[in-house]
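Sharing a structure with you now.
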Amino acid sequence: MTSRSLTVSACFVFLYLLAYTKADFNLREEDVNELSRNSEENESSYLAEENFNRPLKAACKCTGGKCVTENGEEVCKCPPEFGDANGKCKACQCGTGSNCTFTCSGLWCLSRTKKCICKEGYKIIAGKCYGPCTNSPCKNGGTCTEVKGGYKCICPPTHTGTTCNEKFDPCKSKPCTNGGTCSVEKNAFKCNCKKPYSGNTCETVMPKRKQRKLETMLTTMEDNVKAHDRERKRIARSKPETRARQNALQRERRALKRQQAINPHDDNIKHTKCVQTPSLYSP
């Protein structure tokens, strides 16, 4: 036989043995599956006959949280900013509004590794979650709010700017027109307009009739103020004289009372004997 014939014969024998082995393996696998099914059926029937139940899974532990069902399994659900550490909710200490997970590490799970779960847009720095408002960038009582891609400061009426670092000046934009003068009252501007203009920004020309009426009113007010000042000055000048007269009258009253206390019957009259013992008959 040539070497070519020997090679063909060897290949044929190898393929035959491979096919036989595969068929035998399939038969054995079917026997194992059938045996397993029979075993499970026998076990179930035995447990049913003996009134036994399969052992249940360990009850869910969740100290500080509550057990909930997720994907058919009970898991420990901890409140915000807490993580499940083997059935006990433990504080994450990752920052406000950030959660975490605890995973076992080492032999017999003697230690646990914490992993912070930060909100979108936050970064983990030194084991804590830092967001746009974490370091309070808003100054002078401003409130920081998170927006897409950063933060926004809501400033009080007294300040303005990106971080509320600029003092608000309502007159900075020069709102008063037509020569009006701007002043600040209660964090808002007020325009003192020149004649004949009026309005919030001195933008309106006042009608002549209204101008005359306003001039009359202002003149009357001026006269009243002047009259009041004159009266106040007159009263101020007369006060010393009035006080002096009152003091003199009080001194006179006190002297008269002292004299009456010494001579009760003395009414500044010179008494004679006839006056002291008058006649029973008139002349």
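Just so you know, glycine gets a Cβ as well, placed from its N, Cα and C.
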Consult TrEMBL and report which candidate among C182, C202 shares a disulfide bond with C193.
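Of the listed candidates, TrEMBL names C202 as the partner.
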From the list C155, C171, which cysteine is recorded by TrEMBL as disulfide-linked to C164?
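TrEMBL lists the disulfide between C164 and C155.
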Counting by DSSP, what is the helix, strand and coil composition of the domain 'EGF-like' (167-203)?
0 helix, 13 strand, 24 coil
